[in-house]
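S.K.: Can you read through this structure? Questions will come right after.
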Amino acid sequence: CLGLYCGRTVLSVNGSLESYGECGVCPRGQRTDDNKICRECMESPDRYDWLYLGFMAMLPLVLHWFFIEWYSGKKSSSALFQHITALFECSTAAIFTLLVSEPIGSLYIRSCKVKKLSDWYTMLYNPSPDYITTVHCTHEAVYPLYTIVFIYYAFCLVLMMLLRPLLVKKIACGLGKSDRFKSIYAALYFFPILTVLQAVGGGLLYYAFPYIILVLSLVTLAVYMSASEVESFKDLLVRKKRLVVLFSHWLLHAYGIISISKLDKLEQDLPLLALVPAPALFYLLTAKYTEPSRILSEGGNGH
């Protein structure tokens, strides 16, 4: 049986004897073992798999919140209700996705273990024995980590289209008619982008997402503090919204650190969470020394 992901399906079992079909693609929910036999995925996702799924579930929620805040601005008090609705949509979509996954009707899912990066891209490993005929053995070797994300995005999109327009029409009175639905239009753009991102880079995201979380949360925190002109702890306490943003970034920092360490050794990994406030503290302590006007004035004095 040629090919990295081609296998023989089990046709019948008679005691300890099994009869196998021809070498080819494994059915959905199965992958090949070391003997090129298609076996059902009966394992449960490990902690890292759940963290990856959590990251993919957070992406649309964070983008929803960003665009709701971006287009609401200071003109409307409806942003909070839209934030809560977005959280409800994504949470409900996640529950529905787990319920329709095998075993159906349970929040528990069966999965195959991810062994290497190529498991995510089985379509690239279809063998050509005579260099003319290609044996198509493309299947989901990482079942269901690849397709479950698409199902989740579909539920998110449907729930958003059912709930958000009604809510926005009722409560977003402070916004003009053209601005009222802009956060929904933004979602209609970023959902296809997220879908393509998962389709093309799902395997890369699986291995890189902890570092992506840390880098993005650091950059966005610095940009937000700079844009909000936060230079001291007093500036943070002036508005509750700034504290909410700060704690949200701290949660993302913690999520990234947990994803990298996997908490395999609690006595070694838990102290790393003490580093969560470090970037914000470093920014606040050094902001006054990097004020552009101060640097320019000191440069002018030096000349």
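Numbers here mean position along the shown chain, with the first residue as 1.
Each Cβ is built from the backbone N, Cα and C atoms, and glycine gets one as well.
Just lifted these from TrEMBL, have a look:
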TRANSMEM  50-68  transmembrane segment
TRANSMEM  143-163  transmembrane segment
TRANSMEM  184-205  transmembrane segment
TRANSMEM  211-230  transmembrane segment
TRANSMEM  242-258  transmembrane segment
TRANSMEM  270-287  transmembrane segment
S.K.: Residues of the same chain, at least six outside the transmembrane segment (50-68), with any C-beta under 8 angstroms of its C-beta?
M.R.: 79, 82-83, 86-87, 89-90, 94, 145, 148-149, 152-153, 156, 160, 182-183, 186-187, 190-191, 194, 198, 205-206, 209-210, 213, 255, 258-259, 262
S.K.: Within the same chain, where does the transmembrane segment (211-230) have neighbours whose Cβ lies under 8 angstroms from its own Cβ atoms, ignoring anything closer than 6 residues to its ends? I mean 6 or more beyond.
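M.R.: Counting only partners 6 or more residues beyond its ends, the transmembrane segment (211-230) has Cβ contacts under 8 Å with 55, 205, 236, 242, 245-246, 249, 252-253, 255-257, 259-260, 279-280, 283-284, 287.
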S.K.: Could you pull out which residues elsewhere in the chain have a CB under 8 Å from any CB of the transmembrane segment (242-258), counting only those six or more residues past its ends?
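M.R.: Cβ under 8 Å, 6 or more out: 51, 54-55, 210-211, 213-214, 216-218, 220-221, 224, 228, 230, 235-236, 269, 272-273, 275-277, 279-280.
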